[in-house]
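Engineer: Before I ask anything, here is the structure I am working with.
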Amino acid sequence: WYHDNLTRHAAEALLLSNGKDGSYLLRKSNEREDLYSLSVRGKDSVKHFHIEHTGTSFKFGFNEFPSLKELVMHFANQPLIGSETGTLIVLKHPYPRKVEEPSIYESVRVHTAMQTGRTESDLVPNAPSLGTKEGYLIKQGKIVKNWKMRWFTLHRNELKYFKDQTATEPIRALDLTECSAVQFDYSQERVNCFCLVFPLRTYYLCAKTGIEADEWIKILRWKL
């Protein structure tokens, strides 16, 4: 979950797009060479905290760690951060680096770890690149089974489709938490098709190429 040269803006974009309450990552600070930044997502915002490298240790709030490895082990046990403004944040979900995609800092008042028995190996889930995607797909109609080109956008757990890329209001927004499966579909006469299975309807979509269809399936499955 260490992202070497990630900017503050990019960290916020990643955590807000893909993360959830308690997602966090470590990066180099944009301010000074001896500072790292811990970026943590709260409910709908990202807060940034300094970790200072003193030359012999890593200082975070009242805690000091002799090495980054020990700091990582400490964070495996869901630490609690309390800032000056009284906000309490539990660090639950490290945001992995290996993803196939003037600053305001609060100082730390409270920082402790709840022992859960987790270790460093528990910290690194797999994830594809940025959890957003958009592009044209051909969609089969619900009643009349004709095919029409539609502009699709994927953000967080919502897949929207629009009449075209210039439309401001979506025709429909699909909540992926209700979707039970995403898979290639070979029942249609068209190629590069896949389907999304919802309780009341299965949506049939086709991409221009097999690679593009595969990309959509991978990121949608990851969302599921």
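Each Cβ is built from the backbone N, Cα and C atoms, and glycine gets one as well.
Keep in mind that TrEMBL annotations are predicted by a computer and have not been checked by a curator.
So TrEMBL has the following annotated:
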DOMAIN    1-95  domain 'SH2'
DOMAIN    130-224  domain 'PH'
Engineer: Mind tallying the domain 'SH2' (1-95) by DSSP state, helix then strand then coil?
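Structural biologist: Here the numbers are 19 helix, 39 strand, 37 coil.
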Engineer: Along the domain 'PH' (130-224), what average pLDDT does this model show?
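Structural biologist: Reported value for the domain 'PH' (130-224) is a mean pLDDT of 91.
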Engineer: With DSSP, how much of the domain 'PH' (130-224) is helix, how much strand and how much coil, in residues?
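Structural biologist: Helix/strand/coil tally for the domain 'PH' (130-224): 17 helix, 40 strand, 38 coil.
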